[in-house]
Every structure is written in C-alpha cells, then in structure tokens.
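Asker: Please read through the structure below; I'll follow up with questions.
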Amino acid sequence: MKIRTDMQRDPLSTARTLSEALPYLQRYAGATVVIKLGGHAMGSDEGMESFARDITLMQQVGVNPVIVHGGGPMINEMLAKLGVTSEFKNGKRITDAETVEVVEMVLSGRVNKRIVQAINAQGGRAVGLSGKDAGMITCDAADPDLQFVGEPSEVDTTVLHSMFSSNIIPVVAPLGAGRNGETFNINGDTAAGAIAAALNADRLLLLTDVSGVKDATGEVVTELTADHIRRMTEDGTIAGGMIPKTETALAALNGGVRAVVILDGRSPNACLLELFTDYGAGSLIRA
Ligand SMILES: Nc1ncnc2c1ncn2[C@@H]1O[C@H](COP(=O)(O)OP(=O)(O)O)[C@@H](O)[C@H]1O
Ligand SMILES: CC(=O)N[C@@H](CCC(=O)OP(=O)(O)O)C(=O)O
C-alpha cells in the first residue's frame with residue numbers, strides 16, 4: 001500500500017495505523033462521509049461482510065456514513081436473463097422505459113437489501129431507500145440520447161439528517177423522481193456526488209475495482225487535480241466507467257465536499273484506513 005507523501009492531507013487522517021488511530025476515533029464524531037459502493041466492488045460475500053463491519057464501526061464512533069450503491073453488473077445480469085440488450089454512452093446506461101423498470105427492481109430490491117442485511121448482521125442499523133424516498137432526489141433528463149437517465153437537480157437531505165439523529169445508516173439506491181412522475185436511473189457515482197455535495201460531506205469515497213485512477217503507464221496517480229483529470233480525459237487515459245467518477249469528484253468538490261478519494265473497495269479495511277490513518281490508498285482529489 002502506498003504511503004501518501006503530503007502529510008498535510010487533512011485533520012481527518014492523523015494516525016499511521018488503525019491501532020494507533022483507535023484511542024482518537026472520537027475526534028471524527030460528527031464527520032459526514034458518503035461512500036459509493038460500486039457493483040464491481042461488491043462481489044464476494046467476505047468482501048461485503050468486511051465492508052459492512054467497517055461501516056458499522058465508523059457509525060459507532062460517531063461518523064455519519066451514507067452508503068450510495070451501484071449495481072451495474074447485477075442490472076446487466078437481469079437484463080440478459082430477460083433478453084433485453086443495453087448500451088452505454090460515456091459510462092452511462094442508455095435507459096429506455098422497459099430498462100428503467102428492471103434497473104429499479106434490481107437496485108432497490110436485491111442489491112439494496114443485500115447491503116442493508118450485511119450491515120445489520122454486523123450490529124449496525126441500516127435502512128434502505130432510493131433517491132425517490134421522501135423526495136430526496138429530483139431529476140431532470142441528463143441527455144436526450146440517454147432517455148430515462150437523470151441528472152439530480154435538487155437534493156433534499158431532510159430524511160438523511162433524521163436518520164443520522166436516530167443512529168440509522170442510510171443505504172441509497174441511485175434512482176430519482178422526475179417532475180412529471182417519471183423514474184430516472186442515475187449513475188451511482190453521480191448520485192453519490194450530489195448527495196455528498198448537498199450534505200457538505202467531509203469525504204466522498206468512491207469504491208471500485210481498481211486501486212485508483214491510472215496514468216497511461218498503468219500507475220495509480222495518488223493525487224489528482226482538475227487539470228490532470230481534464231488532460232487524461234481528453235487523451236483517453238480516463239475512459240468508460242472512470243469518466244462518471246472523475247466528473248463526480250470535480251462536481252462534488254465544487255459543491256462543497258472537502259475531498260474525494262477513488263479507491264479499491266475490495267482491499268481489506270479500505271474505508272477505515274482511508275479515513276482514520278495516513279495510509280490512504282487510491283487517488284485523492286482536492287479542490
Ligand atoms: N484511467 C483509468 N484508471 C483506472 N480505471 C479506469 C481508467 N479508465 C477507465 N477505467 C475503467 O473504469 C473501471 C471502473 O468503473 P466501473 O466499472 O464503472 O466501476 P464501478 O462498478 O465500481 O462503478 C475500471 O475497472 C477500469 O476498467
Ligand atoms: C445511468 C447509469 O448508468 N446508471 C447505472 C446505475 C448503477 C451503477 O451506477 O452501477 P455501478 O456503480 O456498479 O457502475 C446503471 O444503469 O448501470
């Protein structure tokens with residue numbers, strides 16, 4: 001695991017190891033951390049159990065974690081079973097009326113409840129909802145080519161705040177309501193970024209299946225600026241599913257999030273190490 005060389009990172013990370021951090025965990029009480037768990041990062045049951053344990057511990061020391069999940073591979077699986085084909089444009093699924101029904105069924109159903117159950121099994125109290133619940137996310141159509149893909153235009157965090165005060169961990173499926181009663185499919189990263197910005201979160205962690213944003217030689221770039229991201233996107237180094245992540249990171253920082261990290265959600269204790277120690281892995285993006 002790489003050690004970041006800039007030790008001026010931020011007061012959220014001060015210790016060198018998790019055991020060194022233990023006596024000081026209460027200093028993180030009240031911090032808000034939005035964690036996006038990508039479909040590719042939630043493969044194995046052991047990985048899910050370890051993720052759920054980390055989130056539960058985080059909540060027990062007073063952090064307010066919000067989980068926003070993806071589930072692209074699980075949607076693909078269900079669409080294939082149903083014989084429906086689907087295509088992507090710049091990392092976002094072209095979602096017609098038939099597809100959005102499957103997306104909602106898979107994300108709000110199987111995927112959301114698997115995470116809720118895993119957290120509850122670790123002693124946490126998780127409640128699953130989607131961006132449609134309590135009017136949390138209102139969307140406009142993102143791009144006419146993408147059909148029922150939404151871009152969050154308003155995020156109402158009232159329900160999240162009442163969950164924090166009841167020690168409940170919100171687990172949010174990335175769907176939103178349109179102004180005319182439509183259901184919109186939102187890219188999981190986009191939804192997480194919009195929620196993080198609306199909460200003025202201290203951290204947005206985007207958990208995926210690669211160790212961070214890689215340069216043209218395949219090395220992870222440990223610190224990225226908006227300029228790096230723009231250049232790497234223009235020359236095609238940042239492609240596919242990494243595009244919504246880096247776009248989200250920049251939008252979230254503009255929206256008031258203190259820092260965004262893109263990291264491998266499958267590596268043990270990824271979230272705890274990132275938050276509580278100087279040994280964060282992955283790509284850190286700061287304003
Ligand atoms: N520059 C890059 N660095 C790292 N991964 C990249 C890059 N460009 C494209 N990718 C791809 O983006 C993928 C992550 O996006 P995605 O598959 O949508 O993840 P998730 O399901 O976790 O949201 C990586 O597995 C990788 O194939
Ligand atoms: C608009 C759009 O692309 N929505 C995504 C929602 C799920 C998601 O984001 O899943 P991952 O995080 O696992 O990629 C989709 O339909 O696949």
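Just so it is clear, glycine is given a Cβ too, placed from its N, Cα and C backbone atoms.
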Asker: Quick one: which of R53, R93, R203 does TrEMBL put in the substrate site with G71, G72, N185?
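Answerer: Only hit among R53, R93, R203 in TrEMBL's substrate site, alongside G71, G72, N185: R93.
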Asker: What average pLDDT is reported by the model for the domain 'Aspartate/glutamate/uridylate kinase' (32-263)?
Answerer: 96
Asker: Checking the spread of the substrate site as listed (G71, G72, R93, N185): what is the longest Cα-Cα distance, in whole Å?
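Answerer: Across G71, G72, R93, N185, the two farthest Cα atoms sit 12 Å apart.
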Asker: Here are some recorded positions: K36, R93, K245. Which one has the most Cβ atoms within 10 Å of its Cβ?
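Answerer: That would be K36, with the highest Cβ count within 10 Å.
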